[in-house]
Amino acid sequence: MSGSNTKTKGNGTQGTVHDANRLSPTDSQREEEEVGAHTVLIKNGKEQQQPFQPNEKDEGNKTFEDVFHIIGHDGRFQIMLLVIVVLTNVIVELQNVNTVFTLTTPQHRCKIPELDGDTYAISSESQRKLVDRYIPRDDDRTYRKCHIIVSDTNDTSSVSADFRTGNTSGELRRCSQWVYDKTVMKSNLVSELDLVCERTVIRSHVNMVLFGGKMAAAFLQGYLSDLFGRRPSLIISCCGMLVTAVGSAFVFDTITLLVSRFMAGFLATYLYLSIYVLGIEFLTIRQRSLLSMFTRLIFGICDLYMALMAYLLRDWQFLLLAFAWPAVFALGSSWFMPESPRWLFSKNQVEKAEQQIQRIAKMNGKTVPKDILKQMGKSNEKAKHTVLQLFGDLRLTIRWTILYINWIVICMSAYGLAFNISNMGGNIFINFAISGLLDAIISFANTFVVNKFSRKYFYFCCSSFGAVACILTFLPIVMGAPTWCVVALSLIGKASIVAAYPLLYTYSAELYPTSHRGIGLGSCSMMSRIGGLLSPYIADLGVFFTGKMASVLPQIVFGTCAIMGALLILILPDTSGVELPETLADIREKSRKLSKPTAQEEETVLA
């Protein structure tokens, strides 16, 4: 059309900018009503809108950023996507960290052999005498948890006082039955399966296999998602999550517990990656970062719900069933989710991609030019996509390696600090609720500023601030400050590091091309599970070790690792205000332009 000029966008692609001087206001208005479209120009990381006008001569110059602004980015489809994101992420969080309550270790001691109805709480003077007769004490006069006194008469007067002062020179025996304090939880998996004393490590194993499942899911989800599509992955994972969430409330031994936690980890990660990749590929530049922040906000609110339900129910079976119901609604809503047009286009299924575009446009009340995707040409990558293709040269190898290191560190720190809440002392319900509230507040605040700053520098600030707060937890111990000071620093550190987690998701997704985004994010998620596998053991360092600093060893380890990863991220390029790369060729050609447009480019775009 003679009334249009081709201009260069700040990201190096070509766009068509309408010359309003050559059209009358009536013609311009009619054209906008017929097309209902806008293209997006980038200036200082912000979107600039200009009227969109299809032109056959511009074939191969349109991008998905243009297309998604044409079909609308704030309509009914986005509301549906928002609902599905909320429901699926609620399921993920409920299954990820419910062991904070179901596996918290209550106060306990050996069961008195002569007392059939023995309870941890002393209810009579006769019970107190029997407890004093059988149960030795430590130096601080607390009952020992794993030993019982053995003597011929078990008469209180004949038992040496050494048993009550921590001197184990007398005859002691490990017990096989325990009674538990029920003031925190009336019943949980630790008391149900006796995961105490020499079986304490099973508690860490249970949290560890969760991340084994997550690692397996990360490996398979990326491959299957790129091979068969994003929508099938979403529906299948919702089905599996419903079955697993309900089934986890009926475990009866350590084997079924380990299997249920493995499946919970597998399906939670599979589900999260499925909806995240779909969301990323349906959203515009500014919305992509908001998706991650919104996800973290959901997690924080979900933690508040978990703390409330745990406080009210205090029974592990009822609690897990209360955590299973969102899976029903997530499964129902996922059937209405369309397939990603980006993925269809990358597979050269242009007609199917057109159908999905038209479907979304209809939901949003927009009119889209027919065959608009044909103006983008065809995908150049028809070969089988593998992770190895991402390591085609040294520069890209360094880039992905740094990403992997940060995923390992951030996952280890975020989950480890969450598991450590039950070991910090104080009221577990209040601690967990405060943790969730801080996560929600910080994530909500981040939604207003995430698009105003560089992705990597914002991530660096959040991660390093949280790391410093965790490391400083040693100061209250050294200075003899109250326990709440350690708890406060730990929760602040956790909230800040957790806030960096969704930023890393967004940053990584923007670095990978559409053709390899599922595999790329899947490989990152899989590598992060190395940190997840280590996190429960680091979180329990205060249980395994004794001494003045034992209680803050987890925080110091997590903080040190987090700040090292944050420093490495500064080496990578920024992605703020840049369109998603579609192929590996795009990354190689534009790797030097993954930054904001220069002043000269902005003048060219807006001229």
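Placement of Cβ uses the backbone N, Cα and C atoms for every residue, glycine included.
The compositional bias 'Low complexity' annotation in TrEMBL covers 1-16. Annotation source TrEMBL lists domain 'Major facilitator superfamily (MFS) profile' at 154-577. The region 'Disordered' annotation in TrEMBL covers 1-38. Taken from TrEMBL, the feature transmembrane segment covers 234-252, 258-278, 290-312, 318-337, 402-422, 428-450, 457-475, 481-505, 526-546, 552-572.
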Seminar exercise, completed: The answer for the transmembrane segment (318-337), taking Cβ pairs under 8 Å and residues 6+ beyond its ends, is 80-81, 83-84, 87-88, 90-91, 94-95, 98, 101-102, 231, 234-235, 238-239, 241-242, 245-246, 248-249, 271, 278, 306, 309-310
Exercise. The transmembrane segment (258-278): which same-chain residues, six or more beyond its ends, come within Cβ distance under 8 Å?
Worked result: 81, 84-85, 88-89, 91-92, 95-96, 99, 205-207, 209-214, 216-218, 220-222, 225, 230-231, 233-234, 236-238, 240-241, 244-245, 247-248, 251, 291, 295, 330, 337, 340, 505, 509, 517-518, 521-522, 525, 529
For this session: Looking only at the domain 'Major facilitator superfamily (MFS) profile' (154-577), report the model's average pLDDT.
Result: 83
Seminar exercise, completed: Of the listed stretches 428-450, 457-475, 481-505, 526-546, 552-572, the one with the highest count of C-beta pairs below 8 angstroms to the transmembrane segment (290-312) is 428-450
Problem set entry | Residues of the parent chain within Cβ reach of the transmembrane segment (481-505), under 8 Å, 6 or more residues beyond its termini | 276, 289, 292-293, 295-296, 299, 406-407, 410-411, 413-414, 417-418, 420, 424-426, 431, 434-435, 438-439, 441-443, 446, 450, 455, 458-459, 462-463, 465-470, 472-473, 475, 521, 551-552, 555, 558-559, 562, 566
Exercise. Can we call the transmembrane segment (526-546) and the transmembrane segment (428-450) in contact, meaning three or more C-beta pairs below 8 angstroms at a sequence separation of 6+?
Worked result: no
For this session: Take a look at 428-450, 457-475, 552-572 and tell me which one has the most Cβ pairs under 8 Å to the transmembrane segment (402-422).
Result: 552-572
Exercise. Can you name the far-off residues of the same chain, 6+ from the ends of the transmembrane segment (428-450), with a Cβ under 8 Å from a Cβ of it?
Worked result: 100-101, 104, 184, 289-290, 292-294, 296-297, 299-304, 306-308, 310-311, 418, 421-422, 458, 462, 487, 491-492, 494-496, 498-499, 502-503, 506
